[in-house]
Amino acid sequence: MNQSSKQFSRIVGTGGYLPEKILTNADLEQMVDTSDAWIRERTGIEQRHIAADDQTTSDLAEQAARQALDMANLAPEDLQLIVVATTTPDKIFPSTACLLQQRLGNHGAPAFDVQAVCSGFIYALSVADQFIRAGMVRNALVVGAETLSRIIDWSDRNTCVLFGDGAGAVVLEVGEEPGVINTHIHADGQYENLLHVPSGVSKKPITDSISERSMHMRGSEVFKVAVNTLSQVATETLARNGVAPEELDWLVPHQANKRIIDATARKLKMKPEQVVLTVNRHANTSAASVPLALNEAVRDGRIQPGQLILMEAFGGGFTWGSALVRY
Ligand code: COA
């Protein structure tokens, strides 16, 4: 470990992948008692992507990872760390990170999953950033990948209109300047019953009961905690890093609900054009949403080198967090 000269992580590649199949609000009108107008007004969502029956989370992750590696000009075999944030792993084990490593043809780098539901990417980025700062590795692949559609009860209008599938990735490399300036991650486990899937492994093994293997959510209660918590973490991030709101160039938020995103942007006094919004087209892709949004704004040229980005997320657990990044 090198303690004398400080080292940081920098984002040197981004990637994203969305499955081909699109499910529109009009399609959902045929499936449950809902309307395009209700979904747009309450959430800002117009459509979502859904993985094909034979597509797994690691399939989505591989596509996003290869794009990020290409942009970083890094060969997969030279990766030193692979972290995948997911709530919808291919299997109970091996981890999706190990399955991704197998696909990429990397041998020997540590590879593991991080489970923090919709905050998973921020958690994974924080973990990988610490590995690089500590001098343990010189680069890392961080992926958020989900097939949320597999844990949705498609007859439950309270949840099925909100989620989609996808994957996003970044490659981090060591640098002398940040890069990732700071990450702030938190959890409060007391909220288990507001947002959860009842079945799993040791408590209630996965059964054929759709209700038990699908997401349950008390939406309006989750909404209130999310708005308050994201406002707090935005304030904390600015204060702890001595950054004024007007110094931020971009907000890259978790894409759960446009009204939650608007509330955070208002708190930060950011203009709508400084907010990277994908929720209308992607819906909530959980751990994939932040890296997918980042990748989109990097690739279309909105985010430019040197700009200051605040990423934030909130999810089941509850978990929440932020990353302040100089791109
Ligand atoms: N279509 C039509 N009506 C629906 C509906 C749907 N898809 N889903 C719920 N409703 C109904 C409810 O049954 C309720 O009807 P009632 O008043 O007759 O009981 C009514 O709409 C209002 O429900 P409410 O839950 O108060 O609406 P809301 O304004 O809070 O919006 C959410 C609902 C789910 C969109 C919103 O609460 C939300 O986004 N919550 C956070 C979800 C989230 O982000 N989860 C993931 C965190 S990472």
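Just so it is clear, glycine is given a Cβ too, placed from its N, Cα and C backbone atoms.
Going by TrEMBL, these are the annotated features:
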ACT_SITE  CYS118  active site
ACT_SITE  HIS254  active site
ACT_SITE  ASN284  active site
DOMAIN    112-189  domain 'Beta-ketoacyl-[acyl-carrier-protein] synthase III N-terminal'
DOMAIN    238-327  domain 'Beta-ketoacyl-[acyl-carrier-protein] synthase III C-terminal'
REGION    255-259  region 'ACP-binding'
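Under DSSP, the residues of the region 'ACP-binding' (255-259) split into helix, strand and coil as follows: 2 helix, 0 strand, 3 coil. If you look at the region 'ACP-binding' (255-259), the same-chain residues 6 or more away from its ends with a CB under 8 A from one of its CBs are 42-45, 118, 162, 223, 226, 277-280, 282-285, 289-290, 292-293, 314. Note on the domain 'Beta-ketoacyl-[acyl-carrier-protein] synthase III N-terminal' (112-189): DSSP counts are 26 helix, 30 strand, 22 coil. Every protein chain considered, the tally of other Cβ atoms within 10 Å of the Cβ of HIS254 (active site) stands at 31.
Taken together, the residues in the domain 'Beta-ketoacyl-[acyl-carrier-protein] synthase III C-terminal' (238-327) have a mean pLDDT of 97 on the 0 to 100 scale. In the domain 'Beta-ketoacyl-[acyl-carrier-protein] synthase III C-terminal' (238-327), helix, strand and coil residues by DSSP number 38 helix, 22 strand, 30 coil. Within the group of active-site residues (CYS118, ASN284), the Cβ with the highest number of other Cβ atoms inside 10 Å belongs to CYS118. Cα separation, CYS118 (active site) to HIS254 (active site), rounded: 7 Å. Distance between Cα atoms for HIS254 (active site) and ASN284 (active site): 8 Å, as a whole number.
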